[in-house]
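**Q** Dumping the structure here so I can ask a few things about it.
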Amino acid sequence: MRLILLSGLLLLGIFLANGHEQDPDGKVLNSLIDALMDLQREFAKLRGAFLTVYKARSFGNGSERMYVTNKEIKNFEALRQICEQAEGHIPSPQLENQNKAFANVLERHGKEAYLVVGDSANFTNWAAGEPNKAAGACVKADTHGSWHSTSCDDNLLVVCEFYFIL
C-alpha cells in the first residue's frame, strides 16, 4: 500500500516539476490529487480493519501475542525457518496469559509444539522434573501448556508467535 501511495506522490511530483502547459485547467493535477486521496482513504480503511482483527484476536485469547499454526509437523530448525519467513517468531510466552493462549492452540489441535525459554525469563511453566537436559536441548509445550525438555529433532506442530508494536 505504501508503494502505491509513494508512486502516486512520485507521479504528482513529476507532473508539478514539468509545469502545467499540457494541463492549463489543472484537470490532470486534480485527477492525481483525487486518486491520491482515494488511496489514503483505502489505506486508512485497511489499517482500521487490521487493528480491529488484531484487537479482537488479542481480546479473545487474553494476550497481545497471537499464536498461529499452519498445521504442519516439523523439527525445530524447520520451525525456525518457517516462522522467520512468515515474519513471526518461535513462541516465547513471557506471561501466564500468553502461555495459556499458546496452549489453547495446542489443545485445539491435540499436539505439542516448540517454544523458546529465555535465560532471563520471569515466567516459566516447567512440568514436574523439568528441565531435564538429558531429554534434549529444546523445549516443547504439551496441550496443557506445561514445558518439557525435548530433542530438537522431534517433529512437532508448527506454531509461530506474532506480536505488533502499535
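Cβ from N, Cα, C; glycine included.
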**Q** Can you tell which of CYS83, CYS138 is bonded to CYS152 by a disulfide, based on Swiss-Prot?
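**A** According to Swiss-Prot, the disulfide partner of CYS152 among CYS83, CYS138 is CYS138.
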**Q** Return the count of C-beta atoms lying within 10 angstroms of the C-beta of CYS138 (disulfide bond), excluding that atom itself.
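**A** Cβ-Cβ neighbours of CYS138 (disulfide bond) within 10 Å number 22.
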**Q** Taking only the Cα atoms, work out how far ASN122 (N-linked glycosylation site) lies from CYS138 (disulfide bond), in Å, as a whole number.
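**A** ASN122 (N-linked glycosylation site) to CYS138 (disulfide bond), Cα-Cα distance: 19 Å.
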**Q** Might you list, by sequence position, any residue in that chain lying six or more from CYS160 (disulfide bond) with a Cβ less than 8 Å away from its Cβ?
**A** TYR67, VAL68, THR69, LEU79, ILE82, CYS83, ALA86, GLY88, HIS89, ILE90, PRO91
